[in-house]
Amino acid sequence: MEHLCGSELPFWVANETLHTDSPDLPVCFQLSVLSWLPCVYLWLACLPYLFYLQRNNKGYIMMSMLNRVKTVFGLVLWIVCWADLFGTFHELQQGKTQAPIYFVTPLVVGMTMLLATFLIQFERLKGVQSSGVLFIFWFLSVLCAIVPFRSKIILAKSEIGITDKLRFTTFYFYFALIGAELILCCFNEKPPLFSDVDTDPNPCPQTTAGFLSTVTFWWFTRMAIKGYKNPLEAKDLWSLNKRDSSEQVVPKLLREWEVEQAKAHSAEDQSTQALYSKPLPAGEGNHVGGESSPEEVEVLLSKKKGPKKASFLRSLIKAFGPYFLIGSGFKLLQDLITFVNPQLLSLLILFTKQKEAPTWWGYALAFLMFFTAFLQTLILHQHFQYCFVTGMRLRTAIIGAIYRKSLVITNAAKRTSTVGEIVNLMSVDAQRFMDLTTFLNMLWSAPLQIMLALYFLWQNLGPSVLAGVAVMILLIPFNAAIAMKTRAYQVEQMQYKDARIKLMNEILNGIKVLKLYAWENSFKNKVLEIRQKELNVLRKTAYLGALSTMAWTSAPFLVALTTFAVYVTVDKNNILDAEKAFVSLSLFNILRFPLNMLPQVISSIVQASVSLKRIQDFLSHDELDLELVDRTNTATDCSVTVVNGKFTWARQDPPALHNINLMVPQGSLLAVVGHVGCGKSSLISALLGEMEKQEGDISIRGSVAYVPQQAWIQNAILRDNILFGKAYNEPKYRSCLEACALTPDLEVLPGGDMTEIGEKGINLSGGQRQRVSLARALYNEADVYLLDDPLSAVDAHVAKHIFDQVIGPEGVLKGKTRILVTHGISFLPQVDNIVVMVEGRVSEMGSYQELLKQNGAFAEFLRNYSLEDIIEEDGATVAFDEEEEDFPDDALSNHTDMVDNEPVVNEAKRQFIRQISIISGDLENPRGRSVRKRLCSERKHVEPDPEKKLPKVEKLILAETAETGRVKAKVFWEYAKAVGPLLSLFIAFLYGCQNAAAIGANIWLSQWTNDAVGNGTKVDVSTRVGVYAALGLAQGILVMGSSFTLAIGNIGAARKLHCALLDNKFHTPQSFFDTTPIGRVINRFSKDIYVIDEALPSTVLMFLGTFFSSLSTMIVIVSSTPIFAVVIAPLAFIYVFVQRFYVATSRQLKRLESVSRSPIYSHFSETLTGSSVIRAYGRHNAFVLLNDMKVDENQKSYYPGIVSNRWLGVRIEFIGNCIVLFAALFAVIGKAHLNPGLVGLSVSYALLVTMSLNWMVRMTSDLESNIVAVERVKEYSETKTEAPWEVEEKKPSPDWPSHGNVEFSDYSVRYREGLELVLKNLTLSVKGGEKIGIVGRTGAGKSSMTLCLFRLLEAAGGEITIDGVNISEIGLHDLRSKLTIIPQEPVLFSGSLRMNLDPFEKYSDGEVWKALELSHLNKFVSNQPAKLELECSEGGENLSVGQRQLVCLARALLRKTRILILDEATAAIDLETDDLIQSTIRTQFEDCTVFTIAHRLNTIMDYTRVLVLDKGKIAEFDTPTNLLSKKGIFYGMAKDAGLTQ
């Protein structure tokens, strides 16, 4: 420096700077270091920054006033700096030589100002609205100029005065200008021209935010305020940034993945070529000396390493790595800055020791501590922001990739992964990646932090640190063991939870059956049994949790204890003074975080690697060959040809279809018939290109429309289901509806064709679904129609209508090529050609007449189906037409045959009513009975003609109320009551004690360190160590105790809340289940109970922990520097203020996020089930876009959620940093009467507080979101209950009813309060042993009669007596267990067959077998290996519908009560089973009273009497023969059914 400054300007003078009360820096230092520092920064930052701007061009910004002013100031600055330079030259000419520094510095600074001015313009051209690089430069310049600013004023005031007037003036010019530049730099430029921001209705302010706003997340404040004023809604959310949206993120990943796959394929090809390069000479292959045989080649192949797999990880890294690395850079900076504060703390303690040190040292240290902490906060949150955004993009990309893949995988691949598994890939596995990215940097940062901390500790305490490290290392396996065990428990508990939810789901689905059979208790015990196991596992987990909490809180303490103990005992000269003790403590606290995080990060990496493998396997599946079906063939006049086709579902399977030869001429109608499982549907799939082709050729001319056997209906409005992406054309659309007989149905649906259809088309009957599917095909005009049995699900007369209007020779589709799979014989004479399939091959083909003549398989097939069916079908059509004329207005009758004779089953109808939340019920309307069938969407329905406007409807099922606003204190009190009020107080007391112990230990430590100051020698070391250890151990034990009691309390609360909920739901009347979607109730049992079981306890634990530790910090600081109390109030005010804003906004964002998440998965599973339809219609891309939209919609609420956490973090940590600042400041002020121990104590506590304050807000927020679960469970535990199950004083005698006389006297009933009466003043009496048939049109009240007998509906007037007992007075179970019903819908529960017949195990095996024999099931059951223990799957899926019906019959035979009610199944059951049931009932229930609700009149023609109901009243009641002769309603029905002439 001597060369630069010359000899008279020294570079550093210690007495002028450090050791004086009014310090100043020498001129040489000011001119060199302070002037050059900002310049060096800008020149270093300039190159990478220019490179970055070149790459990220956002379009140019117009020259604005702001920009002009900045530029002018920059140029003026350059002129000012060079004025100095020319001044120096001028002095040279005058003969005054100046030191070289006076030339160098103005030159350097001037050049830098030019560079800054250039950057201002360059940024404008590249579209940068606010520059961080320049902001930091101006900030540094101002910071460095403050020192000369002060010293020049001091100089001017002194005796010497100002000698150098030029430099004095230019400097103040310079200072004013850089100050102005700094202020101008805080303002934003306008957005660049042509940017996306202009077109966006609600752009994310982040894109236009300035540098300061970005760093502090100030731009989020607007949303926080909005969310605080009133709950956020979806429309308040900002649009997603373009760079985070699916349209940019997904293709990026897919490009990289394709590159990877291509690499893997080329590698594979090379390896196989190498093996097969020598051709086998013909005929020599098998000779001894010949080439290796193919088997050997295979062996060789397998010995080689498997083909190189495409690495999904590599493509992820290539796509998202660079962005993530920026975050890692921030992390590195933050790690280094973390270690500055302990060093500053040691200086501060030194400073309090030296009584004569100048006070400005202390202030400087306090502000430096504040500044580094603040910088650390800003950098840390930038790092988090980058990581979270990477995670979010990963999730978007993975979901997008999986969705796109799932649309094109082969059937073989589909088999390996079920729909549930693929949805899991999307939900769970993608989520894991998202969670991992946030911690991924800890993988290198944790070891780095540990090494740095150990280095500083070693410097401080020497080798005794190793003792502490040893303790830490010993704790790692302990924690790891606990983590492993916990994971195992979690898996076990998930299994119980799944079992419980599955059981609950079945119970709620079959709740009506449980009520009818009075089986509630048996099932309730089953649920409680599982729940008990679940709670036992939870309890074990909680105990382990308590252990690990203890380890985690006591670890730093144990480490400190061993280290200090070893340190003072190893060497007599080692004195533990305040500086050593508290600096070490703060370093140990830094160590605690990485040590705890490492095992977590490692385990989440392991999880993510499993997920990675699963996703990679899925994305590597084979895809369908889109070229399989030749669409270009124009050679023949046949529109569909198959030559020598041999097809299989998966390569390794045997072929499902072989030697298929098919020629379908253009415009002809081909019927495909055959027995079940002979390959009819497979043939259609093969034509669609869904099967693997092994041999042969397929060609199809033109476009294809496909109607699958199981209609696939989307969750959208009815019209969209039919249009399926085509433009709306009114006349064409109407004619499609007409042809598919859908017009009458639309009149019944509340919103017409604007009715929202539930998932899987749940609110349409089977026949309606099938017809909608057909209408879709019809509307999408195609050349070739593949119809896979569309007529089986509809009623006979509807089938005829559709065949005539649509498919048949006179239908809308004449002239198109149609391939129809069918079971309906009546249509076969009208088709052009028939193909008969037998076991996967075509056995015969020809027209109807030809095949009859051949007398082969086809003729046989016809004989099996009697001609009777055909006659009956014709009769039905007539009935349908007549009815139309009779009741033109009455929508009910109109919809009678249209809707209800299709095999729609009441159960399914009730299901839909439950599962769709928005169902309208028209309560004032006279047609009140159709309430249950009227379903309304939230949309306004468009009606074709104005006269038919539907009356205003009220909601039957109310939309679920989402809680908004603050949670009421009452809910917390409810939870405290469930835990136990005394226990709650005790828990709080324990937490208090534990913190008291911790504070005690630290105060003791500060006393100990003051010994050293007192006399420099050791006082009794063993006492000091002993008391310290005792206090620490007490703290550990108290932590464990408080965690234990908390766990016990929480589990008790969970048990109570679940029991109350379960109990109430079993006692809830049936009407509740009719009006509440099942999903809602299940949600209470799964999601909300899960929250109470698992999320709440851990949240409460964390909340109490952070709350008490923040409290103890305040106490410590206030007790050591009482003046601190003054600052607490304003800080607390700001804290509460920020916290309220955050909690209100973030809670609502969480809700919005979870609401928008489920559509992704439901749309996804819907797509998977309908992928063949989507492909057949070529709607692949539209669905991909739809999925992207749903994902973006979800990320739109997730992104502000992340930012809200950053926003909060910066603000709360700022408060924490202020606490540090004030603690240090007050320590400096009160230096005279404070000992170093207390200073160390209060500042090291303050350094800890930031973390716990931040967590406390998070936990408050979580606590508020989680406690809502208690509220929701409570709400459903307090719904209205039905009558008691048993009434002791009114118990009927055990053998009641002995005769079975049933009397209705003046009986009326309604479904729910406020609805019409369903039965009006019925009076009838039935003698024991009579057989009564009940008939009537739909809605006449037939089913209601049975429900009344069981008191599922309570009387509105009148009474029913059975054998003289008024049934409304006895307990429900006493009544229901004495009646038997064979319901229309056979409901089975998963469990053994035996359990399904006899859940209470009342009967012996012999009796059960007898019942099975009488119900014709014994053959089937005895053939099963498990016999009676045969497992029924959910809903009895593994039995056919007929067998399920017989199981219900067996139940009735077992109970064998005096009164039997038979609700006859509709068309869902085959004639054979029906006959079996009827004959069994006639023989076995001969002396019982039987009520049959009949749909087919032939079953009741020989009954004693028939009751005809009409509109809830008795129309006719007499013997069948009398009724026929009366020629009344019954006669009309019999005539329709073809039973009388």
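Including glycine, each Cβ sits where the backbone N, Cα and C put it.
Annotated in TrEMBL:
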type: TRANSMEM; residues: 33-52; note: transmembrane segment
type: TRANSMEM; residues: 72-89; note: transmembrane segment
type: TRANSMEM; residues: 101-120; note: transmembrane segment
type: TRANSMEM; residues: 132-151; note: transmembrane segment
type: TRANSMEM; residues: 171-187; note: transmembrane segment
type: DOMAIN; residues: 325-607; note: domain 'ABC transmembrane type-1'
type: TRANSMEM; residues: 360-380; note: transmembrane segment
type: TRANSMEM; residues: 439-458; note: transmembrane segment
type: TRANSMEM; residues: 464-484; note: transmembrane segment
type: TRANSMEM; residues: 541-570; note: transmembrane segment
type: DOMAIN; residues: 640-864; note: domain 'ABC transporter'
type: TRANSMEM; residues: 982-1005; note: transmembrane segment
type: DOMAIN; residues: 985-1265; note: domain 'ABC transmembrane type-1'
type: TRANSMEM; residues: 1025-1048; note: transmembrane segment
type: TRANSMEM; residues: 1123-1143; note: transmembrane segment
type: DOMAIN; residues: 1302-1536; note: domain 'ABC transporter'
Notebook entry, point to check: Taking a Cβ cut-off under 8 Å, which residues six or more beyond the ends of the transmembrane segment (1123-1143) line up next to it in the same chain?
Noted result: 224-225, 227-228, 1114, 1117, 1204, 1207-1208, 1211-1212, 1215, 1218-1219, 1222-1223, 1226, 1229-1230, 1242, 1253, 1257, 1260-1261, 1264
Check: Taking a Cβ cut-off under 8 Å, which residues six or more beyond the ends of the transmembrane segment (464-484) line up next to it in the same chain?
Finding: 454, 457-458, 544, 547-548, 551-552, 555, 558-560, 562-563, 565-567, 570, 574, 588, 591, 595-596, 598-599, 603
Next item on the list: Rank 33-52, 72-89, 541-570, 1025-1048 by Cβ pairs under 8 Å to the transmembrane segment (132-151) and hand me the top one.
Entry: 33-52
Check: Out of 439-458, 541-570, 1025-1048, which stretch touches the transmembrane segment (982-1005) the most, going by CB pairs under 8 Å?
Finding: 1025-1048
Next item on the list: With Cβ distances under 8 Å as the criterion, find the stretch in 101-120, 171-187, 541-570, 1025-1048 that has the most pairs with the transmembrane segment (72-89).
Entry: 101-120
Notebook entry, point to check: Who are the long-range neighbours of the transmembrane segment (541-570) in its own chain, taking Cβ under 8 Å and residues 6 or more past its ends?
Noted result: 457, 461-462, 464-465, 467-472, 475, 478-479, 482-483, 485-486, 489-490, 493, 576, 580-581, 584-585, 588-589, 591-592, 595-596, 998, 1001, 1005, 1018, 1021, 1024-1025, 1028-1029, 1032, 1035-1036, 1039-1040, 1043-1044, 1047-1048, 1050-1051, 1097-1098, 1101, 1105
Check: Hey, which bits of the same chain come close to the transmembrane segment (33-52), Cβ under 8 Å, at least six residues off its ends?
Finding: 25, 105, 108-109, 111-112, 115-116, 119, 122, 133, 136-137, 140-141, 144-145, 147-148
Next item on the list: Go through the chain and flag residues at least 6 beyond the ends of the transmembrane segment (439-458) whose CB is under 8 A from any CB in it; none is fine as an answer.
Entry: 324, 327-328, 331-332, 335-336, 338-339, 342-343, 383, 387, 465, 468-469, 563, 583-584, 587-588, 590-591, 593-595, 597-598, 600-601, 604-605
